[in-house]
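Features as listed in TrEMBL:
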type     : residues                                                               : note
DOMAIN   : 12-182                                                                 : domain 'Galactose-1-phosphate uridyl transferase N-terminal'
BINDING  : 34-37, Ala67, 83-84, Asn159, 165-167, Gln174, 320-321, 325-326, Gln332 : UDP-alpha-D-glucose binding site
ACT_SITE : His172                                                                 : active site, tele-UMP-histidine intermediate
BINDING  : Glu188, His287, His305, His307                                         : Fe cation binding site
DOMAIN   : 189-354                                                                : domain 'Galactose-1-phosphate uridyl transferase C-terminal'
Amino acid sequence: MERAAAGEKFCPSEHQHLRRNPLRDDWVLVSAHRMRRPWQGQLEKPPQEDVPRCDPANPLCPGARRAHGEVNPKYESTFVFDNDFPALQPDAPEPDADDHPLFRAASARGMCKVMCFHPWSDLTLPLMSLAEIRAVIDKWTEIAVELGASYPWVQIFENKGAMMGCSNPHPHCQIWASNFLPNEASLEDRTQQKHHRERGVPMLLEYAQLEAERKERIVVENADWLVVVPYWAVWPFQTLLLPRRHVCRLQDLRNGEKDSLASIMQRLLTKYDNLFQISFPYSMGWHGAPTGPYLNADCSHWQLHAHYYPPLLRSATVRKFMVGYEMLAQAQRDLTPEQAAERLRNLPEEHYRLDRKEAA
């Protein structure tokens, strides 16, 4: 790379710089000029697209038998069951105490559920109808209320695609409830509380208003929601889904906001798939105010939001790896958030697979 000339004006897409993530109170190094380097690294195998609609051997399909012998009902919408291999269980003994501060342990209890979005294995959220996506949102809300009655944290998350460790192509997510606040939740609680104390407004409500005005990082928006590639994004096409009004938890959404959420999710995920014309891999999850003992506490500093973390960088076969500098120093990205947002924003909202069916 050539050295910058004296007096040269800073350009985010040309010159490396740091951006602060106020949610995590850390920094990301942006080095957009690196996108010009040739790629000689690992190439991923494009995801399988000929998934059978119903495979009796698939343990998530209606009527299929699961690992421990349970048989799924012939469900026609969403279906929720207790994870057959849970990371958290309701009952576990307390860990032994150690009198040295370098060897601390604490109890971990909870529940893990699996939620199927649809009975068909060959569908993903962007290919489902708005009514079907709304049913998913309603079930998310129902489980968040049910588990949140006693557990401080209910984490709804979806790992989509083998690249993100998903071992089953059937459309589904997981929901883990815990008797503790996980690291990311604790960190976001602390940073949002500090921002609210200093500025008198929820951090992500203020942020959404600023992004709505500036427009440069918006991917899709409607009357109730907006999706941006956040100013501090780490993953190449990372997005943040935000409500326009102050909402603490999923269960605080109005009916109309749930309808518009279904719509904006469909639009975003269609753009994701259209970017490289594949079923786009990602990990996503909802963050909202803690529950359980926090339900009667002041959580006005919280703002409901969803994170989407897709790994792909240059194409369907080239991904971003968090290694080396990222593991040992700090996060680094090559594509600026503004460039990523523009690419996503300019994509069509008609799913590429629907175009193929019409052409056939």
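Each residue, glycine too, has its Cβ placed from N, Cα and C.
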Between Glu326 (UDP-alpha-D-glucose binding site) and Glu188 (Fe cation binding site): CA-CA distance (Å): 21
Listed in sequence order, residues not in Glu188, His287, His305, His307 with Cβ within 8 Å of the centre of the Fe cation site Cβ atoms: Leu23, Glu184, Leu204, Leu240, Gly285, Trp286, Gly288, Ala306
Between Asp84 (UDP-alpha-D-glucose binding site) and His305 (Fe cation binding site), the C-alpha gap once rounded to whole angstrom: 29
Cβ contacts of His172 (active site, tele-UMP-histidine intermediate) (under 8 Å, same chain, 6 or more positions away): Leu60, Val114, Met115, Cys116, Phe117, Glu158
PLDDT averaged over every residue in the domain 'Galactose-1-phosphate uridyl transferase C-terminal' (189-354): 97
Alpha-carbon distance [His307 (Fe cation binding site); Lys320 (UDP-alpha-D-glucose binding site)] in Å: 17
Of the binding-site residues listed as His287, His305, His307, the one whose CA lies nearest the CA of Glu326 (UDP-alpha-D-glucose binding site): His307
Residue with minimal Cβ packing [other Cβ atoms within 10 Å] among the binding-site residues Asp84, Glu188: Asp84
Cβ neighbour count (within 10 Å, all chains shown) around Cys166 (UDP-alpha-D-glucose binding site): 17
Distance, Cys166 (UDP-alpha-D-glucose binding site) to His305 (Fe cation binding site) (CA atoms, angstrom): 23
Cα-Cα distance linking Cys166 (UDP-alpha-D-glucose binding site) and His307 (Fe cation binding site), given in Å to the nearest integer: 17
Spatial neighbours of His287 (Fe cation binding site) that are distant in sequence (at least 6 apart) but have CB under 8 A: Glu184, Ala185, Glu188, Leu304, His305, Ala306, His307
Around the Cβ of Glu326 (UDP-alpha-D-glucose binding site), the count of other Cβ atoms that are within 10 Å: 16
